[in-house]
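Here the structure comes first, spelled out in structure tokens, and everything after it is commentary.
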There are 2 protein chains.
Amino acid sequence: MLQPESSPRARVPVDVRLNAIVDPAALGATPPAEAALEAVRGGATLLQYRDKSGSTRAMVSAVRAILAAVRGTGVPVLVNDRLDVALAAGADGIHVGQDDLPAADARRLLGPEAIIGLSITDAAEADGAGDPAVDYVGLGPVFATGSKADAADALGLGGTEAVARLIRAAAPGLPIVAIGGLGLANAADVIGAGTDGIAVISAILGAPDRRAAAAELRRAVDRALAETGR
Amino acid sequence: MLQPESSPRARVPVDVRLNAIVDPAALGATPPAEAALEAVRGGATLLQYRDKSGSTRAMVSAVRAILAAVRGTGVPVLVNDRLDVALAAGADGIHVGQDDLPAADARRLLGPEAIIGLSITDAAEADGAGDPAVDYVGLGPVFATGSKADAADALGLGGTEAVARLIRAAAPGLPIVAIGGLGLANAADVIGAGTDGIAVISAILGAPDRRAAAAELRRAVDRALAETGR
């Protein structure tokens, strides 16, 4: 059955205002579930577990622990790249990069209820946001970052604004979360550049008080969104 | 419904006589599908794709290409560890190590038709073969090998024979494929130690004529199996 062109997505938009990415490489001895819960208590609206070096079994354990920790909060828990880990742990979805599973394959394997995020790093990739399998876009890196070894070139605020426009054209209404080198100092700027929220690793995980750091970031995002009228 | 104890597995046993493991790290410029097809033409009875460094998308492409190349031969294509890659590519199953997904989780996610292999590296792990989700065991490393960076300590022929007995006790009739430093020179010895076949990487992938190497290995295994009366 054809869907009316004006509503390609009937689902509730993903709340991307504060996307806390939990990477054990940035956590030291803290259990990922503890850090995730602190982030959520502070105001994170979306969690992503990202692990580029652990065993599959360790990843599944970590994601199960995170799901148990934040159960009842309503905050979705996604897994970076690894659909197998998401399935085994019962996560809410996955976030895929351009070298990961195509979003359409992920949708086919995860079903209609899963949340699927897609990384977009430049203008040439913006059309990918039009894939109906995609629920939100992670746009960046906005600035250079030490948290991701294989990150693409930084877009800067101007580049972020330009690519965000292209994403809006390809997928009106699709949430866009900015990522890369973001924190309190520049959260308002990237919201002003046309994004709907920020994704952070070190700004929360690296803070002495993760809950307080998340709360400050969330206030900055909410204030900036209110100022832009979004 | 309870199954009669004498037949915990109603499925046709996996033919593990010659398990060719295709690892792009051991292939140089040769496409994995080309090497896989040569191995099958030579007599490989089971294929496993193992990639510890590629992107998820590249792995899915490689497995799809292998499946297309060997279609119609009846030789199953498994993926090491990555259930997401197996699902996306439509592979015949996966092979899991002790740090990968538990076999029971893999069975739940892959369904009853999938083939699931389990690595067993020592006596303490032998009971894992009794898991009804397991279709065959990879036992090793028999000898030290350069093909797997994180391999456990070598069992030697004596250790292999001892652990194979424990596996037989835990799971009568379950196929056991020996792995680790195997080739023409010792294929008969490991079959004599109570295994049903050999898994190789470099003995096929590193050979100047992969098809001929596979054919020689297969003959050696078949001869040894005939001599043991299995």
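Think of each number as a place in line: the chain as shown, counted from 1.
Heads up, the Cβ atoms here are built off N, Cα and C, so glycines get one too.
What TrEMBL says about this one:
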type	residues	note
BINDING	A:Gln48, A:Tyr49, A:Arg50, A:Asp51, A:Lys52, A:Asn80, A:Ser119, A:Lys148	4-amino-2-methyl-5-(diphosphooxymethyl)pyrimidine binding site
BINDING	A:Asp81, A:Asp100	Mg(2+) binding site
DOMAIN	A:19-204	domain 'Thiamine phosphate synthase/TenI'
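Those binding-site residues from the list A:Gln48, A:Asp51, A:Lys52, A:Asp81, A:Asp100, A:Ser119 that have a Cβ under 8 Å from chain B Cβ atoms: A:Asp81, A:Asp100. Residues A:Gln48, A:Tyr49, A:Arg50, A:Asp51, A:Lys52, A:Asn80, A:Ser119, A:Lys148 are the ones the record ties to 4-amino-2-methyl-5-(diphosphooxymethyl)pyrimidine, and the longest Cα gap between any two of them is 16 Å. Summarising model confidence by region, the domain 'Thiamine phosphate synthase/TenI' (A:19-204) averages a pLDDT of 96. In this structure, the CA atom of A:Arg50 (4-amino-2-methyl-5-(diphosphooxymethyl)pyrimidine binding site) is 13 Å away from the CA atom of A:Asp100 (Mg(2+) binding site). In the three-state DSSP scheme, A:Asp81 (Mg(2+) binding site) is classed as coil. In this structure, the C-alpha atom of A:Lys148 (4-amino-2-methyl-5-(diphosphooxymethyl)pyrimidine binding site) lies 14 angstrom from that of A:Asp81 (Mg(2+) binding site). Separation of the C-alpha atoms of A:Lys52 (4-amino-2-methyl-5-(diphosphooxymethyl)pyrimidine binding site) and A:Asp81 (Mg(2+) binding site): 9 Å, rounded to the nearest whole number. Rounded to the nearest whole angstrom, the C-alpha distance between A:Ser119 (4-amino-2-methyl-5-(diphosphooxymethyl)pyrimidine binding site) and A:Asp100 (Mg(2+) binding site) is 10. With every protein chain in view, the residue among the binding-site residues A:Gln48, A:Asn80, A:Ser119 whose Cβ has the most Cβ partners within 10 Å turns out to be A:Gln48. If you measure from the Cα atom of A:Asp81 (Mg(2+) binding site) to that of A:Asp51 (4-amino-2-methyl-5-(diphosphooxymethyl)pyrimidine binding site), you get 9 Å. Neighbour count (other Cβ atoms within 10 Å of the Cβ, all protein chains): 21 for A:Asp51 (4-amino-2-methyl-5-(diphosphooxymethyl)pyrimidine binding site). The separation of A:Asp100 (Mg(2+) binding site) from A:Gln48 (4-amino-2-methyl-5-(diphosphooxymethyl)pyrimidine binding site), Cα to Cα, is 15 Å. A:Asp100 (Mg(2+) binding site) and A:Asp51 (4-amino-2-methyl-5-(diphosphooxymethyl)pyrimidine binding site) are 14 Å apart (CA-CA, integer value).
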